[in-house]
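**Student:** From TrEMBL, for reference:
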ACT_SITE  118  active site, charge relay system
ACT_SITE  203  active site, charge relay system
ACT_SITE  524  active site, charge relay system
DOMAIN    17-81  domain 'Inhibitor I9'
DOMAIN    109-584  domain 'Peptidase S8/S53'
DOMAIN    402-474  domain 'PA'
DOMAIN    642-730  domain 'Subtilisin-like protease fibronectin type-III'
C-alpha cells in the first residue's frame, strides 16, 4: 500500500521518518506503534512507499477503507521460469567478433550494472571472476550483504570499507543482497542456509551468467559439449538479489520480497534488471512485480522478464505490464544430437546429454516399459492413447503395463542389460532415466507423447539416453511391437551457463554429480539473453529510455529462422505467429541502429492505466508529487489502441466498420483478410529525437476469417536502410471484456 509521497532528495533522517510514518499509520489500526513494529516485515521507504505486514482479514478490510491507501494485496508466491546463442544472433561468427558487431560497438557492455532477482549466485564461478575489471563504477551504492560469511560467500574483491576509504577496488560481482521475510511469513524454511546469498538451486547463477557472465574458455557440462561460455554483456558488472527460496506449495518467490528488492535496486544504481519469475496476471495494483518494475522504469532502469513456460495458448503469458520487456523462448540452430540404431536399419536422431558408455556397433535388447512392468503395476493412460491408433500389441499391453517408467513399475529381472523405451508424461524426464537405471537398464529411449510433439531436450541423464519426437516414438513402439521384444523471443532451449556447485545438475537427491556449468531450457534462459543485449544497448546509447530500447529490439526482430524460412511453433510443423514469438527473434546488431523508435514516457503509462480504469489513485500508483489526472473520456478500446506500443492488437474489430488508430512515428500483410492504410505514408525527419505521428486504418475484408480468432500482419516503415516492423493482430471476439 502507498501512504506518503516520494521525496526527490532524502537523508537518513527522512528515511527513518518514512518508517516511523508506517509504524504510526499501522499502529492506529493495531492499537500501538509497538504492535505495528512487530507486524511489519518490510518498510518500502526509498522509491516505493508502503510496507509488508502480517495482518488479520478484518484489519485488512479496515485499512483498505482508509482514503490514503491505494492498494492492499496478498503476499503471493511466484515461480521460477525455468553458448551458441550469441553466434546464433550474429554477434560473432566462428569465434570472431566483427568490427560492426554490437559487442564491439558497445565495448561488451563495459561497466553497465545488471541486477538479477533470482536464487542468488555462485561467486566462485569463472563467469564472475574479477580478472581484467577496473574500479567499481562510482554511481554504485549497493553492498555485499553477507560478505565473507561462514559459508565462504564473498563478492569477489569487493570490500565496502575500501570504498569508504576511497581505495581502488575491482570486481565483477559488485553486490549481493537477500530478502526472505515474505518467504518466512509464507511458511518457508528458516534454517541457517537461509542467511546467505549463495545459490543452492543453480537457477540464479545460470540466468545471471547468461545475461552478463565473463568469457570462459573450456566450459563444459559433465565433460560434454565443451566450448566457450559467455554472457550477453560480458564486461558488465553484476549484482545478485536473492528473492527465491526452496518452494512452498510449488513456489518460493514472494511478492513482499520482490517488491523490497526492486526498491533496493533503484537505490543501488543498477541499469538493467533481469527477473525470470512469474505468476498469474492480476490487477496491476495488486501485482508486486508490476508495481516494483514501474518505479524502476520511472527511474530509467530497463526491466526484462520471462513470459512463462505454459505454451502459446491464449492467456498463458505472464509479466504483461507494458513497461516490462516480456521474453518468450525459442530454439537455436544447434542441437546436441544423439542417435540410436534399430536392427531394421532405422536410425533415430534426437537430443541427449550423456556419455556414450556403451560400445559402438553393438545391439542390445530393446523393450518397452510395458513389457518390463512389475506384477500389479497400474494400467497407464499413455498406452490407451497409443491403442487408439489400433496397435493391437499395445492394446493388450494396456491391461497389464505402464509406459511412463514411473517408480515401482519396472521389474529389474526384465530390464537388466536392456535398452528401455519410456513414454513422456506424468513425472519429470530426468526421473524416468533414474528409474530405468535403478532397474538395470543400460540405456533409454525417451519418446514424446502426442501433445509434446517435437519438443525435445538435452538432459544430463544418469545413463546413456536419447530423447526423440512423437513421430519417431511411434516408430520405436511399432518396432518393439513387431519384434515382440518421441514481446520478443530469444534463445531459451538447451542453454549452457554457470551453475551452482552446491547442487547436482538434475536436482534429484540420487544424483551425486556436480558441474560448474549446466544446460537448462525455458523462458528463464531467454530472459537474460535479452537483458544482456539491453546492457549492450545501454552502454552504446546511455541516453535511450527503457521504451526506446524495447522498441529498437522489437522493431528490428525477424520472423524467419536462420535458413530464411518462417519460424515454426513447438510442433515444428505449423507456422508460428506473433502469439508464439511476439515481434520475432531478437537481432542485436540491428537493434543498435533501428532508424525509428516508438517513444513512450511515464505519462503514456499513466494514460494506459487510465484507459484500463485506474482513474482513481493514478497519481498514487507512482507516488509522484505532480498532479496527474486521467483525461476525460479516456476509457475505452479506441484510446487503448492508440497506446504507442511497437505492436498493434485489435481484439474486437467490427467486420463492417474500419477502425483508425494513431501512433507516433509501407504496410505489408500476409493475407487479404484485412486491409491496412497509413496516413501519412511518408514521414520526414529533420533531426534526431524528432517525433512524428501517423494513423493506421484497418478494414476487414473477410468477416468469417476474423470471427473468434486472430489473424496477423505487420506494419513496416523503411528508408531502405532501416526496417522498423510492428506486428499486427486482429480478431472479432464475441466474448471479450475490455475493462476486466
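From the backbone N, Cα and C atoms, a Cβ is placed for every residue, glycine too.
So that I understand the layout, could you describe where these features sit and how close they are to other parts?
**Tutor:** The local packing around residue 203 (active site, charge relay system), expressed as other Cβ atoms within 10 Å of its Cβ over all shown chains, amounts to 27.
Its Cβ placed at the centre, residue 524 (active site, charge relay system) has 30 other Cβ atoms within 10 Å.
Per-residue pLDDT, averaged over the domain 'Subtilisin-like protease fibronectin type-III' (642-730), rounds to 78.
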**Student:** In the domain 'Subtilisin-like protease fibronectin type-III' (642-730), how many residues does DSSP call helix, how many strand, and how many coil?
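**Tutor:** With helix first, then strand, then coil, the domain 'Subtilisin-like protease fibronectin type-III' (642-730) has 4 helix, 43 strand, 42 coil.
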**Student:** Just the number: how many Å between the Cα atoms of residue 524 (active site, charge relay system) and residue 118 (active site, charge relay system)?
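**Tutor:** About 10 Å separate the Cα atoms of these two residues.
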**Student:** What does the structure give for the C-alpha distance between residue 118 (active site, charge relay system) and residue 203 (active site, charge relay system)? Integer Å is fine.
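**Tutor:** About 7 Å separates the two Cα atoms.
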